[in-house]
Amino acid sequence: MGPWRCLLLLPLLAAAPRAQQQQFMEYVERRLALLEERIAQWHDQSSRYSTELRDFKNQVLGMLETAEKEREALRAEAEGAAARVDRLEREVDYLETQNPAPPCVEVDEVLMEKQAATAKQRKNEKYTKLTDCSDTIASVRAMKILKRFGSSAGLWTKDAAGSSEKIYVFDGTANDTVYIFPRMREFTLFSATRRAARIKLPYPWVGTGHLVYGGYLYYIRQQGPFQVIKFDLANKTVVDSSVFPAEEQIPVFGLSPFTYIELAADEEGLWAIYATKENEKNICLAKLDPDSLDIEQMWDTPCPRENAEGAFVVCGALHVAYNTRLPSRSRVQCVFDVSGTLPPEEASLVYFPKRYGSHSSMKYSPRERQVYAWDDGYQIIYRMEMKKKLEV
């Protein structure tokens, strides 16, 4: 190759790298342009998503404000309805007071004549050991719900004849254990059972008719015939027992079929409320000697078992509380006074405030003039307004 040909090839060889460099720059520019386009799209999408999120947030806030207003409106309506219901209950109470229902006593003129004739011949059977207590219940002054503890049925009470502040609890309708709380405060605590002493009785108890009286626990045991067990709470021993002298016993309350004997205490002493097949429609009453457990006297009362849920004795007068199969307002609708001072048809009709269900036990405290009740697992105190029997 001649020299002149080499000189011609030199410009061509120098132009080749410049062409490749130009192509590379164009490629880079295209890639950068594509990247910028995608970044612009991302910015557009991000802006759109931010706008949609802001709109959604505003929409949710608006819905929450509307829901809050509706909730306030519903609460106001509920409060108004509750106020109307309370006013209606007060009006019903007033109407019931003005137009009381007839006592829950069957009236049979022939039977009344026979009873009157028999009463003239048997005046010596009128109970004459009563004290000068002449009070009866006028109304329920106040109700206090303590807490919810244990089973739907049970019993709680204080010592009816002592000054002790201890609380005694029978949980359920059949067991062998009694809970003892030192004071009301310990019982009302959330973890109440941790503060309670437990006594395991030598014989299991049945029903909710038991009683603490003068430092002794009187409870019902069923082993063939029913027995009344007298248990010393101080030394934890059985000091006496007695077979209850009634044949073919049946549940004493129609709405509380688990209780066959209801032990009660009042200003006069110890009582037993029961029922038998011989007089299966009505409730019977007996006066007990708390020392020997002997029966001092027995009565066939005019108070029906049907729809009865509980009973207690005040100043020698049996007060029976009635309800319905579908729990409603309990009421003392039959009163039987063993002294004859207060005829059943002249007793006040006493209504209890509406609660949760029905009473499984009602224990009257003569010292405090109040009733300790167990209502569907809730422990309730009813404070009673009293008046003289002659004022009824």
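Cβ atoms here come from the backbone N, Cα and C positions, even for glycine.
Swiss-Prot names the disulfide partner of Cys315 among Cys6, Cys104, Cys133 as Cys133. Most other Cβ atoms within 10 A: among the glycosylation sites Asn175, Asn235, that distinction falls to Asn175. Within the group of disulfide-bonded residues (Cys133, Cys315), the Cβ with the highest number of other Cβ atoms inside 10 Å belongs to Cys315. A mean pLDDT of 91 is what the model gives for the domain 'Olfactomedin-like' (132-388).
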